[in-house]
Amino acid sequence: MAKFVIRPATAADCSDILRLIKELAKYEYMEEQVILTEKDLLEDGFGEHPFYHCLVAEVPKEHLTPEGHSIVGFAMYYFTYDPWIGKLLYLEDFFVMSDYRGFGIGSEILKNLSQVAMKCRCSSMHFLVAEWNEPSINFYKRRGASDLSSEEGWRLFKIDKEYLLKMAAEE
């Protein structure tokens, strides 16, 4: 299968993006944590001030999934800023359906993301990978990624909404 297109997502792609987000969450054993809706994706990514950007991988009709889908991969990203090095492209989610891996789709998505990062004068691209996900770790390392957890000793933290509300209400 040599034919596929990587393109910016449109509002019409939201149902496919959500489907792929759920597939990725299932792959990561976190399926029950997806609470996002198609409406959220539409409002958050395609309004006046989008919170995210997205690329999709689309195959022609002769290569549709068994369920009839043409969107077989996606990358969701946004821009952020590091006060030490400047602009960053943060890759939030990146997934290609298992039946479509090995055809260069993931490599082409990453190439497109790299072009976006360079066009926007970003100094690097950051992302998370589950420790157990050796195929993805190897995919990124083959392309020059470095593991900041082991090399620089950083830890990722989060503050859930209930604690944000509590802190926001403090006097």
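Count begins at 1; order follows the chain as displayed.
Any Cβ shown, glycine's included, is placed from N, Cα and C.
Taken from Swiss-Prot as is:
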{"type": "DOMAIN", "residues": "4-170", "note": "domain 'N-acetyltransferase'"}
{"type": "BINDING", "residues": "Y27, E28, E92, H126, F127, L128, E152", "note": "substrate binding site"}
{"type": "BINDING", "residues": "94-96, 102-107, 133-136, 140-143", "note": "acetyl-CoA binding site"}
{"type": "ACT_SITE", "residues": "Y140", "note": "active site, proton donor"}
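Averaged across the domain 'N-acetyltransferase' (4-170), the predicted model reaches a pLDDT of 94. F127 (substrate binding site) counts 16 other C-beta atoms within 10 Å of its own C-beta, drawing on all protein chains shown. For the pair formed by F127 (substrate binding site) and I105 (acetyl-CoA binding site), distance between Cα atoms is given as 18 Å, rounded to the nearest Å. Closest to I105 (acetyl-CoA binding site) in space, going by CA atoms and restricting to the recorded positions E28, E92, Y140, is Y140.
Each of the binding-site residues I105, L128 was scored by the number of other CB atoms within 10 A of its CB, and the lowest score belongs to L128. Look at G102 (acetyl-CoA binding site): DSSP puts it in coil.
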